[in-house]
Amino acid sequence: MATNVTNGTLDYAGEHLTSQFVFGNPTPTLFMCSLYLLLGTLAMFSNILDIFIFFTNNELRRKYMFFIALDFGELIDGLCYFLTAVGRGSAVLKGTFGKPISFHECFFERYWVHALIMGTELPALITIVIATERIIAVQKPKFYSSYITTKTKMLSLIAVGIVQLCFLTVAGFSAYHNYEESNTRHCAVITSTATYFSTFHFTFVISAYVVSFISLLIIYVIHKRMKKNATKMYGKKKDPQLALFLSVTGTSIILVSMPSIVMIGIRWHWWAVNDIIVGLTYSTTGFLSITNTFLNFIFRPEYRSQLKRLLKLKFDSSESKMFTVTVTAVTAMKPSTRN
């Protein structure tokens, strides 16, 4: 049977096998899976902690609705690390990881691909919404007070969900009956969807954070120049917190750019890397969850107060139970005074 090799692609009778990933030794892949398991667990713990702290306080729940949604999006990202590690690790241990698989089969028969897509797209979409909200809060305070209500925020998040479903539908359409084959069973975004979607996916994620950061930076400069007027408008309770969100968004640009650039380069055959490089670069987005939890604790006094309150309640509850058990035991040991 005649074969051709073009740009890393082997053509076999009209079908082609794409050499996207380097796989000869299972050790780098097992390292990647171990890293993903650890990182996914830590990321999910951080997100669940944030969501729990915000949700257990009515004021924080209303004030940080978008950030709760962001934590939920990053929770999916943490889950995708866990699922990916289990799926790929199982294939390595079964000896099937190095066997070719079609993009169609990856998307529709493997369980971690969808989480890989949503885990980065959903936080990017919510970041755009948060940036827009902050810009309106600073530039149009009266409009913000009148129209940016809890209901408006809920509708915004519903719109985000609809857009995400549209993206996922396009991804599925690009994979449907797509029998291009990958040389390994990574079933990454670039080997589960068509080139146009995977390129769009990673480009969109970077662009979302870059545009949000630049927009917020411009507003931040304007806000600093009008600091006295802004303080009179908002007071302490309505601090726009632009500096904090600028830090979060700026950090996100760095962390999401690394895996995006590596994945786009692999897809377009600019380079080929092993799973140690893939694991280290792709793990950077998982650090967003952990980083955001630390930033919440450092820069948000309400977050610290609620955490301390919850810890105090737990401590008091444990202490109360211990006291009750002790008193009951002592009472039971006392001799009866009745004759």
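Backbone N, Cα and C atoms are what each Cβ position is placed from, and that goes for glycine too.
Curation does not apply to TrEMBL; its annotations are automatic.
Annotated in TrEMBL:
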- 46-300: domain 'G-protein coupled receptors family 1 profile' (DOMAIN)
- 35-55: transmembrane segment (TRANSMEM)
- 67-91: transmembrane segment (TRANSMEM)
- 111-133: transmembrane segment (TRANSMEM)
- 154-176: transmembrane segment (TRANSMEM)
- 196-222: transmembrane segment (TRANSMEM)
- 242-270: transmembrane segment (TRANSMEM)
- 276-299: transmembrane segment (TRANSMEM)
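Here the transmembrane segment (154-176) has Cβ contacts under 8 Å with residues 65-66, 69, 103-104, 106-108, 114, 117-118, 121-122, 125-126, 129, 133, 192-194, 196-197, 201 of the same chain, all six or more residues outside its ends. Counting Cβ pairs closer than 8 Å and at least 6 residues apart in sequence, the transmembrane segment (67-91) and the transmembrane segment (276-299) reach three or more and so form a contact. Here the transmembrane segment (242-270) does not lie next to the transmembrane segment (35-55) in space: the count of CB pairs under 8 Å, restricted to residues six or more apart, is fewer than 3.
A Cβ distance under 8 Å defines the sequence-distant neighbours of the transmembrane segment (35-55), meaning residues of its chain 6+ beyond its ends; these are 61, 64, 67-68, 71-72, 74-75, 77-82, 84-86, 89, 279-280, 283, 286-290, 292-293, 296, 303, 306-307, 310.
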